[in-house]
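Feature annotation from TrEMBL assigns domain 'SAM-dependent MTase RsmB/NOP-type' to 115-402. Residues annotated as S-adenosyl-L-methionine binding site in TrEMBL: CYS219, ALA220, ALA221, PRO222, GLY223, GLY224, LYS225, GLU240, ASP266, ASP282. Per TrEMBL, active site, nucleophile is recorded for CYS335.
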Amino acid sequence: MRLLDAVLRRGDPLEAALPAATRDLREANDRGLAHAIAAETLRRLPDLDALIDSATRQPLPEDAKARTALRIALVQTLALGTPPHAAIATVLPLVDGGPRKLVHGVFGALTRAGVALPAVPTLPAIVGDRWREAWGEEVAQAAAQAIAAPPPLDLTLADPDGLAPEGVVLAPDQRRLVDPAPVTQLPGYAEGSWWVQDVAASLPARLLGRGPGAALDLCAAPGGKSMQLAAAGWDVTALEISPSRAARLHENLARTRLPAKVVIADALDWSPAAPVDALLIDAPCSATGIFRRHPDVLYRAHAGVVAEMAVLQARLLDRAAAWVRPGGALVYATCSLEPAEGEEQLARFLSAHADYRIDSPQAGELPEGITLHADGYVRTLPGTLADAGGCDGFFIVRLVRASA
Ligand SMILES: C[S@@+](CC[C@H](N)C(=O)[O-])C[C@H]1O[C@@H](n2cnc3c(N)ncnc32)[C@H](O)[C@@H]1O
C-alpha cells in the first residue's frame, strides 16, 4: 500500500520508494513479494479498477484505502496465483477500523463471479492517448501487449568470447535469456564478464564504434554504456550528477574490471580539459521506453514531466556540443517513447548547430531486426523485435561535427 501510494500519489519511482516503503519487512523474500505485488498492480491498474467499479454502487475515490486494498487483493488472485482466502486475509488488516466490510464484500462478489483480467492489458490513458497520437494504434496495441509479462533479460558481454549463460545471440556481444535464474547466480556474473542491459540500450555506445581515443559519457550511471565504451577500447570519462548513482557505477566498474575515470558533477557546470573524440549523451528523460521493466513510469510520465525533461536535454546538448573535436562524434539517446525527447530534440539541435550533421549507421552496425529511420536515426518502439521478445523504446542518433 505504501509503495502504490508513493508511485501514484507522490510520483516517486517504484525502485526509489522500495527501501522506505518496505522498512518493516526484514526478509528479502517479503520485500521481493511487496515489490512484485506493487509492480503487477501497476501493470494491471486500469483493468483492476474496471472490475472494482463494476462491483460498487458508486465509484470509490481514486485514492480511497478500500480501492487500494481491493487492487492488491485482486491482483494477487487474478495475476499472481495467490489463493483468494490468502489474498483477502493479507489485505483486511490494511482497512481495519475502516471499510473492511466493503472490501470483503466486493472481493467476494468478484471472485465468486469468476472474473478474469483481459489477456491484453489496457494502457493507462496518460500514456495511451499520447502514444496513439504519436505512433498509431498498432504501436499502442504492441505496448499494451508488452505490459502483460515482464520482459526477457538481456546481457551485454565485455568480450563476445567471455563467459556467459546460453541464450539467444542478438549480436556477438549481446545475449537474451528467457526466464533466467537470479542474475547473481548466472555464469560469468562473479567474473564480471557481462552486465544487464537491454539490446536497445546497447545501441548508443555501439554507434560510437571502437577506440582508441577520448570518450566522454555525460550521464553515466549506473554505467552500462560507460562499460561498453571501455570494453571497446575508449579512454572513458564517466560523468554523473548523483553521488548514490555514481556509487553503483563504481561497483559495476569494479565487478567488470573495466577502466573509466568517474567524475561526480553537474554537466551543466562542468567542462572537460580538452575536446573529446566521442561524446555520449544518454540524457535523463521521462523513461517511458522502459515501461516493461518499470511499469511505474506509466503513471509518472505526465506531459509536464516530458516538457521539463526536454528542456534539460536541450541544455545538456547545447552545452556539450562544443566539447567534441572537429570531426568527432556525438551520440544522443533517450529511453523515451516521446517525440519531444527524441525526434523533436534532434530537429531543434540541428537547426541551432550548423556544424553538426547526422551520420547514419552503415549496414552491419545495428543488430538484426533493428532498422534505421529514413532520416538516419534509430527509433525502437513497442513491436520492434516482437518475434524475439521485444526491446525497450529508445531514440538514438549519431552526429558528426564538421572538420575545422
Ligand atoms: C538515462 S540515465 C543514464 C544511464 C546510463 N547511461 C547507463 O547506461 O547506465 C541518466 C543519468 O543522468 C544523470 N544526470 C541527470 N542530470 C545530470 C546532469 N546535469 N549532469 C550529469 N548527470 C546527470 C542521472 O542521475 C542519471 O544517472
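Along the chain as shown, residues are numbered 1 onward.
Glycine is no exception: its Cβ is also placed from the backbone N, Cα and C atoms.
Features per TrEMBL, on structure.
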{"residue": "CYS219", "record": "S-adenosyl-L-methionine binding site", "Cβ contacts under 8 Å, 6 or more apart": "LEU239, GLU240, ILE241, ALA267, ILE281, ASP282, ALA283, PRO284, LEU316"}
{"residue": "ALA221", "record": "S-adenosyl-L-methionine binding site", "Cβ contacts under 8 Å, 6 or more apart": "ALA238, GLU240, SER242, ARG245, ALA246, ARG248, LEU249"}
{"residue": "GLY223", "record": "S-adenosyl-L-methionine binding site", "Cβ contacts under 8 Å, 6 or more apart": "TRP195, ALA238, ARG248, LEU249, ASN252, LEU253, ALA260"}
{"residue": "LYS225", "record": "S-adenosyl-L-methionine binding site", "Cβ contacts under 8 Å, 6 or more apart": "ALA201, PRO204, ALA205, ASP217, LEU280, ASP282"}
{"residue": "ASP266", "record": "S-adenosyl-L-methionine binding site", "Cβ contacts under 8 Å, 6 or more apart": "ILE241"}
{"residue": "CYS335", "record": "active site, nucleophile", "Cβ contacts under 8 Å, 6 or more apart": "ALA200, ALA201, ASP282, CYS285, ALA287, THR288, GLY289, ILE290, ASP392, GLY393, PHE394"}
### Summary
Simplified DSSP label at LYS225 (S-adenosyl-L-methionine binding site) comes out helix
### Query
In Å, how long is the longest CA to CA span across CYS219, ALA220, ALA221, PRO222, GLY223, GLY224, LYS225, GLU240, ASP266, ASP282, which the record gives as the S-adenosyl-L-methionine binders?
19
### Task
Could you pull the average pLDDT for the domain 'SAM-dependent MTase RsmB/NOP-type' (115-402)?
97
